[in-house]
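Pulled the feature table from TrEMBL, pasting it below:
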- C126-C153: disulfide bond (DISULFID)
- C189-C216: disulfide bond (DISULFID)
- C621-C664: disulfide bond (DISULFID)
- C987-C1030: disulfide bond (DISULFID)
- C1046-C1089: disulfide bond (DISULFID)
- C1107-C1150: disulfide bond (DISULFID)
- 31-94: domain 'Sushi' (DOMAIN)
- 95-155: domain 'Sushi' (DOMAIN)
- 156-218: domain 'Sushi' (DOMAIN)
- 219-275: domain 'Sushi' (DOMAIN)
- 398-455: domain 'Sushi' (DOMAIN)
- 457-518: domain 'Sushi' (DOMAIN)
- 619-677: domain 'Sushi' (DOMAIN)
- 798-855: domain 'Sushi' (DOMAIN)
- 927-984: domain 'Sushi' (DOMAIN)
- 985-1043: domain 'Sushi' (DOMAIN)
- 1044-1102: domain 'Sushi' (DOMAIN)
- 1105-1163: domain 'Sushi' (DOMAIN)
- 1-30: signal peptide (SIGNAL)
Amino acid sequence: TVRALLQIYIQSMRLQAKIIWFILWAACVAQDCKGPPPRPSIEMLSGSWPDKIYPERTEAIYKCRPGYITLGTIIRACKNGEWVSLNPNRICRKKPCGHPGDTPFGSFELAVGDRFEYGAKVIYTCETGYQLVGEIDFRICDADGWTNEIPICEVVKCLPPTGPENGRLISALEPDQEYYFGQVVQFECNSGFKIEGHKEIYCSENGLWNNEKPKCVAISCKAPEIRNGYPISPKTIYKENERFQYKCNQGFEYSVRGDALCTNSGWSPEPLCEEKTCTPPYIPNGFYSPQRIKHRAGDEVTYKCKDGFYPASRGNTAKCTSSGWIPAPRCSLKPCDFPEIKHGALHYESYYRPYFPVPIGKYYSYFCHENFAPPSLSRWDHIYCTKDGWSPKVPCIRKCFHDYVENGNSPRKTETYVQDQSVAVKCFPGYSLPNGQNRITCTENGWSPLPKCSRIKTCSKSDIEIENGFLSESDYLYVLNKKTQFKCKPGYLTPDGETSGQITCLENGWSDQPTCIKSCELPVFENAGTKNNRTWFKVNDKLDYECHVGYENKLRQKECTVPQIEKYVLAVPTKEKYKVGDLLTFSCRQGLTRVGPDSVQCYHFGWSPNVPKCKDQVRACGQPPELLNGEMTEAMKDVYDHNEEVEYKCHPRFLLKGPNKIQCVDGSWTTLPICIEEKRTCENVPELAHGYALPSNPPYHHGDSVDFSCTETFTMIGHRSITCVTGMWTQLPECVAIDQLQNCKPPNVVIHQANQPDKTEFHHNTSVSYKCRGKQKLQHTTCVNGRWEPEPTCTKKPLCAPPPQIPKAQNMITTVKYKDGERVSILCQENYLLLGTEEIVCKQGVWHSLPHCVEKIACSQPPRINYGTIIDSSGPSKERKETRQRRLYAHGTKLNYTCEDGFVLSSGQGITCHLGKWSLPPECIGLPCESPPSIPNGFVYQELENYQYGAEVTYNCLEGFGINGPAFIRCLGRNWSTPPICIRTDCFNVPTFEGVLLAQQKKDFYRSGEQVTYRCPSSYHLEGSDTVTCVNGKWIGEPKCKDISCVNPPIVKNATIISDQMAKYPPGERVQYQCNKQFEMFGDAEVMCLNGTWTEPPLCKDSTGKCGPPPSIANGDITSFPLAAYLPHSTVEYQCQNLYELQGDQQIVCKNGEWSKPPICLKPCVILEDTMEKHNLTLMWKKNQKLYSPSGDTVEFKCKDGYSSPTSKSLRVMCRDGHMDYPSCV
């Protein structure tokens, strides 16, 4: 126990020592704070702090001054001799006031501060046409929130105007009612008064009318000044409807009449005296002088008539009078002068000569000299004066006598011929007429040519050289004008494109040397065509062609070069180039064995298949591979020798693609064919005339067959069954009546049957045997309805080379040769479409009907149709939706259309994408409608039996009711458009219009003729009248309010908008732009909203760019040496050539890499003597008759002696850029 107490005592002593040590340590470390806590400007210190020293850990509590707030309490404590904040994040911040509030028809701007917090100030402004109510236009954010109430903007009003004296005001408002901003009033004057000033004024934004009201002044007219006339009983002032009478001086006349009426718009008609003038006379078949634009009264003209015409009045002058030209100048047909008869004369010529000329209708007798006669061939005849002159025109014609032909056959007796008649002449052999013809003609001077035959010249065949041609006739010598024919060798044509031509023996030899040139015939295009109509072409001619729809142009070889072959392979025939279709046959030298095909064919894409090789040893093959969905046609062996073949066939409903035979080639089998499932089925079994099909079960798949039989007395011709092949039935047999079967003629072979050697006909179904020369095996053929089947022939048809590997087709490489008539089915690679026949055919040793594998090109957006929607049918029917998104559609994609209610598709339902193009879409056709709906107090004017789409019917109303709306309705696809209604002639409900406000008190009832006024809201402008009128129960008029605010300020490249962004900008609102750095602004920095559109925005361009050489100007140049480049803000000056005037800035500046607009040099005018002579002018001040006048200068003319100006205008004209309008003197 004592021990325990001792331990407790010791521990208590240790604790006391620790406490004493801590107190001593604290006294050494702690420091007091000198002075009271700090007093920040936005914080208030709580309590009293009079002492100068405050011990460690003393705390001071702060509050925020009014207008400031903080979260929690702000405390500072004395620590290590300094006042330290216990929560540094707690500070006093400005108290927010929130949004100051918008005012209708106005806006505010933050004038002080950048946030809505203590101390901020906003200033309000009103829109154009609105003003503040009161003088306070601001709100300040203080400790208790925003000061003042939100300012109010009220519309600016103008005091009501009064009508002018002797006039009235036209307005929809009451006389003492104030007018809002923008409202318009009109004025009109009483009868006898007119407006002086503005006819209409409007209330402007400052509350004042934009113009003073006009005055109505009495209508009056001052006495007019009349040039070339004088007034009758004149007055100084004339009142409305008073008349002013006047007369014109001699040589002048009224423009309309001799008086004028004083009207609101002045004198009507304008009193005017015009000079009496005549227009230039129109003289058919004549001409006159002097020629002037206008002739004054008293002027005379002299005229002459053309040959065959004469002045009707026996004179050739006419005078200009107030009634026109006196006498009227005209040219009439000329009478007949004395007839000068060639080779003849008038009877009693000397007696009649003084009486000429004579009028039309006169006639005289005449006679002809020797060897001449009248056209009637009588001894004498009459000559008549007609409107066309003397008739006959040739009174005496030549008579020729034909009685002798030198070196030719002469007539037995003399024959007589007249002028222009001809006769045939036959010369002796070796002789010809001088012109080489066989006729002579009687002319005025006798026979032409003379009837004299001269020895003719001949041409020799030895003078003819024909390159690439030959003469086709055997004659050696050819007489003059004789023709011979030549022909060109194959592949050559004449320059005219013919295979033959003609040349003629002429006086100087052959007409031309015959020419045969190398030519090309029009090629046969496959899936392409040409617009050229030519059938042959010269060497180096070009032919343009284009592919058919769905085909693309590919460069194809027209020839094949010699393929690369091994040295032991022998190829025949040997050529430099091979044409498409040529075959190349191979064999091996030195007893080697061929590995590969024994022949290849040249195609447009090259040789196919690949050429073979030659080996000394070849390997055998094991069992051939199995064919999926197919089988071999013969039993399988274990081992197959080199070149041994195996044939395959597909299971039912499967189609074989590729060669049906494979071959063992040096231990490996060639490519195996493919059996693909044929999903196409055949439709109903076709009907057979005079036959029937045996019962079978549809549907009919690929490979299914149907058997037929003929009725009694009919025999079947052809195969008795048809087979479904790729969705199509093979050819039907034919049932022919037994008594109509045709017999066969003997075949063109030696029949090997002794009992039928000399038959001339063979009956149907008769078989014969024949043997070909050098062959022991008998062949057989049967007569089938007039034809031998198979065709009897001893000509062995050549085999075809192994089928080609068509580009983009599935691998079908083989070395097996095919017989004539055998076919190979082609299958294209994935994403390629077969164009052409599906099978290639072996004919005469060459493969024919080669198809193409073309890429399946996708289609773009499908076409849309009226009243229809495109439905994508590629997905499940419940997921179909309208295809609005733009995308590509794969080849073969089918899209369907659906029509709106009341419409049906015209044909089909969809379109198909085929090689990049859509098939033609259907149309949506409207359905007919039922009877039109009946309307209260109205009826259909004329009913029909049926109403097709688009039909219209018209409604009428009963008496006392009027139609409201269109009187007709239209059938819109099973539904009618909205019918009208018949309403009473009085109006009841005030019409409402979208966006338009009623401007007066609404009533329940309006009489016909009453009006209702409307107005527009803010930022809208009224279009048209502001009133509607009740007329017979119908409101007439439709006021419209156009939104004249703006949205989306224009985007300026390299600039930003520094104004506040708004969803909608009222009229007059401005938006300011600021260019980005390194860009300079061109134009106004602000755009303004005016009538719904923005004014032109500025441009921000890089101003650091250099300029190239300054632009050249016509008739001018720069004054300094041109440089290749100019620094920004460089300038150059221009000057014009002598007498050219500079227009525009003489100096241009390089800015933003571009020169400012250069000036132009205006052309001077050249005054020429010829031009002044034409206008009867001379220069007023210059003796020199040729001068240059700069542009802008004036030139003064005067009339030449004896001429005067038709107007009182000055003869001073100005030169404008090389052009001057000359005055004229007459």
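Every residue, even glycine, has its Cβ placed from backbone N, Cα and C.
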Might you confirm whether the domain 'Sushi' (985-1043) is in contact with the domain 'Sushi' (156-218), defined here as three or more C-beta pairs under 8 A between residues 6 or more apart in sequence?
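Counting Cβ pairs under 8 Å, at least 3, so yes.
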Distance between C1046 (disulfide bond) and C189 (disulfide bond) at the Cα atoms, whole Å?
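Here the two Cα atoms lie 40 Å apart.
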If I restrict to non-local contacts, at least six residues apart, and a C-beta distance under 8 angstroms, what lies near C216 (disulfide bond) in its own chain?
P164, E165, N166, G167, F187, C189, N190, F193, K194, I195, E196
Can you figure out which of C153, C664, C987, C1030 (the disulfide-bonded residues) comes closest in space to C1107 (disulfide bond), comparing Cα atoms?
C153
Counting CB pairs under 8 Å, which listed stretch among 31-94, 95-155, 219-275, 457-518, 798-855 touches the domain 'Sushi' (1044-1102) the most?
95-155
With C621 (disulfide bond) as the reference Cα, tell me which of the disulfide-bonded residues C126, C153, C1150 is the closest one.
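Sorting the disulfide-bonded residues by distance from C621 (disulfide bond), the top entry is C1150.
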Measure from the Cα of C126 (disulfide bond) to the Cα of every one of the disulfide-bonded residues C664, C987, C1030, C1150, then give the nearest.
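Answer for the nearest of the disulfide-bonded residues: C1030.
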Summarise the model confidence on the domain 'Sushi' (927-984) as a single mean pLDDT, whole number.
84
Spatially, and counting Cα to Cα, which of the disulfide-bonded residues is closest to C664 (disulfide bond)? Options: C153, C1030, C1089, C1150.
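In terms of Cα distance, C664 (disulfide bond) lies closest to C1150.
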Do any residues at least six apart in sequence from C1089 (disulfide bond), in the same chain, have a Cβ closer than 8 Å to its Cβ, and if so which, in order?
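Expected: I1044, S1045, C1046, Y1065, P1066, P1067, G1068, E1069, R1070.
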Please report the DSSP secondary structure of C664 (disulfide bond), reduced to three states.
strand
Could you give me three numbers for the domain 'Sushi' (95-155), the DSSP helix, strand and coil residue counts?
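Per-class counts: 0 helix, 28 strand, 33 coil.
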Measuring CB to CB from C153 (disulfide bond), give everything in the same chain under 8 Å that is also at least six residues away in sequence.
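Result: T103, P104, F105, G106, Y124, C126, E127, Y130, Q131, L132, V133.
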So how many of the residues in the domain 'Sushi' (398-455) end up helix, strand or coil by DSSP?
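Its residues fall into 0 helix, 28 strand, 30 coil.
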What is the total of other Cβ atoms whose distance to the Cβ of C189 (disulfide bond) is within 10 Å?
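A 10 Å sphere around the Cβ of C189 (disulfide bond) contains 23 other Cβ atoms.
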Please report the distance from the Cα of C1030 (disulfide bond) to the Cα of C1150 (disulfide bond), rounded to the nearest angstrom.
67
